[in-house]
Amino acid sequence: MSGAPPTRSADPFPEDSLALVGGPLGRHATVRPWMAAVWPLVALAALPVAGGVVQKAYCVDHGWLGQPMFWRQCFSDIPVQYSAGALGRGLGAYLSGSAHVDQPLVTGAVMSVLGGLVPSGAQVPEQRAYFFLWTLLATLLLMATTWFTAAARPRHAVDAAQVALSPLVVITILAGPDIVGVALVSAGMWAWARRRPALAGVLLGAAVMARTYPILVVAALALLAVRAGRHRDLGRLLAWAGGVAVLLVGIGLVTDLDTLTAAYRAWWSGGAGFGSVWFIPQLAGHPLPVWVATSAAAVGVLVALCAGFVLAFGADRRPTWSQVALVVVAIALVTGKTFPVQASLALLPLAALCGVRWRDHLIWVATEALHFVAVWLYIGGFTKPDRGLPPAWYAFFLLLRIAGVAYLVWCVWQQAMARPTHPPDPAWPDDPERDEVVDELAGPLTDAPDRVIAVTR
């Protein structure tokens, strides 16, 4: 029997570049404790966040005011919403409605708690203090996301480097508060992988009240649980998730209804926004009516769920939760009413849990980076058309970004469809193919035979 290590050999990027954090084990290497290999990755997650601060250096110095923040490409929802929503009044003011932010309840509560810690003063120093408080929180949450990603698939812990060291983090994590929901989803997926459906339900219920996309992540798990016939474990997760969501909704109803519904009312009443494919008609001078954009986004969610159904029930071997979730979430994002730059952060831990190759990861992130530059140049052109990016060019980069996400979906789809159908060899790690068979995210679904399948070819 060969001494092949329990890692993938098809992706040379990590093997050559992650020696600092351990990387894949060599043939003659001794096995270090799992935690000793993961903690360096967790610590390194601070680096791209620091890169994000440097990228926003102009706004840190001059504040998030007026058009310069677009030309300098340092816009961030964090300090802007702090100032506009009077979040410096703290959590009590947020729950009572005297402080306002168009975010789901959990995210808004976190933002207002931090706002209450900012000393009173002039606008720019307050914005700066709030931004640095949020940077500290975002760093801790990204570290937690890295750890949960590694712990959910301990045999492939090095894949968590795609969370800790991705260039995507530099341009997204400080652009908005999305990391709150992303960290909760990662924690929920870890809990399920460790066969703790109740804890997973609590975390995912909180995630749903922090962002909306976790509903699709739960839907992806439900499809796989139905295929495996494990309704009881799924029911426990859904019961706990529903209980947490109902509790938080109840708090919102008791305190202030407008606070609870602000994010959803803003989405419902808003038209197509930046990054959305439905924004292209507006670039051509023919904006879609709000009801058309809303209907198109709803159809996009249905298409996403249908694609998840085909993948979950049509693959020869049951796909992993992360594979189905990434396909569903990505399709919903690219067909949504808005697709802001920070929304792509939701795909990052899912891609890492899928074991996407670094080459494919960087191809996707390159399209994100190009769109990031393009959108701010286009917005800057509202006041200085002679210097801004023309609408046709912004449409090009918008479609390029969507093509990048579509490429990521295609890679994961091919990976899921190509999973071997033979059972694992108990002699692992001497059988390298076992890595492609074992589903470390399956949790309570592990070794469950298929109860429902669909013939797709």
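A Cβ is built for glycine as well, from the same backbone N, Cα and C atoms used for every other residue.
All annotation found in TrEMBL is predicted automatically rather than curated by experts.
Among the features that TrEMBL reports, transmembrane segment is placed at 129-151 (among others).
Residues annotated as transmembrane segment in TrEMBL: 163-192 (among others). Note on the transmembrane segment (163-192): residues 41-42, 44-45, 47-49, 51-53, 55-56, 75-78, 103-104, 106-107, 110-111, 131, 134-135, 138, 141-146, 148-149, 151-152, 199-201, 203-204, 206-207, 210-211, 213-214, 217, 221, 237, 321-322, 340-346, 348-349, 352-353, 361-362, 365, 368-369, 372, 441, 443-444 of its chain, located 6 or more positions outside it, place their CB under 8 angstroms from a CB of the stretch.
Non-local neighbours of the transmembrane segment (198-225) in the same chain are 104-107, 110, 178, 180-182, 184-185, 187-189, 191-192, 231, 233-234, 236-245, 248-249, 301, 304-305, 308-309, 312-313, 318-319, 321, 324-325, 327-329, 332-333, 346, 350, 443, 445; each lies 6+ residues outside the stretch with a CB under 8 Å from one of its CB atoms. If you look up TrEMBL, you'll see 198-225 (among others) marked as transmembrane segment.
TrEMBL lists 237-254 (among others) with the feature transmembrane segment.
Listed by sequence, the residues of this chain that lie at least six past the ends of the transmembrane segment (266-284) yet keep a Cβ under 8 A from its Cβ atoms are 102, 290, 292-294, 296-297, 334-341, 343, 371, 375, 379, 391-392, 394-395, 398-399, 401-402. The feature transmembrane segment is assigned by TrEMBL to 266-284 (among others).
Look at TrEMBL and you will find 291-313 (among others) tagged as transmembrane segment.
Tertiary proximity for the transmembrane segment (325-350) is limited to same-chain residues at least six positions away from its ends with a CB under 8 Å from its CB atoms, namely 77, 145, 148-149, 162-163, 166, 168-169, 171-173, 175-176, 178-179, 181-182, 185-186, 189, 211, 213, 216-217, 219-221, 267, 270-279, 293-294, 296-297, 299-301, 303-305, 307-308, 311, 368, 371-372, 375, 401-402, 405-406, 408-409, 412-413. The annotation transmembrane segment is assigned in TrEMBL to 325-350 (among others).
Residues 70-71, 73, 75, 166-168, 171-172, 274-275, 341, 344, 351, 388-389, 391, 393-394, 397-398, 400-401, 403-405, 407-408 of the same chain lie 6 or more positions beyond the ends of the transmembrane segment (362-379) yet place their CB under 8 Å from a CB of it. According to TrEMBL, the transmembrane segment annotation covers 362-379 (among others).
Long-range contacts of the transmembrane segment (391-413) within its own chain (CB-CB distance under 8 A, at least 6 residues past either end) are made by residues 275, 277, 279-280, 283-284, 311, 323, 326-327, 330-331, 333-334, 339, 344, 347, 351, 354, 356-357, 360, 363-368, 370-371, 373-375, 377-378. The transmembrane segment annotation in TrEMBL covers 391-413 (among others).
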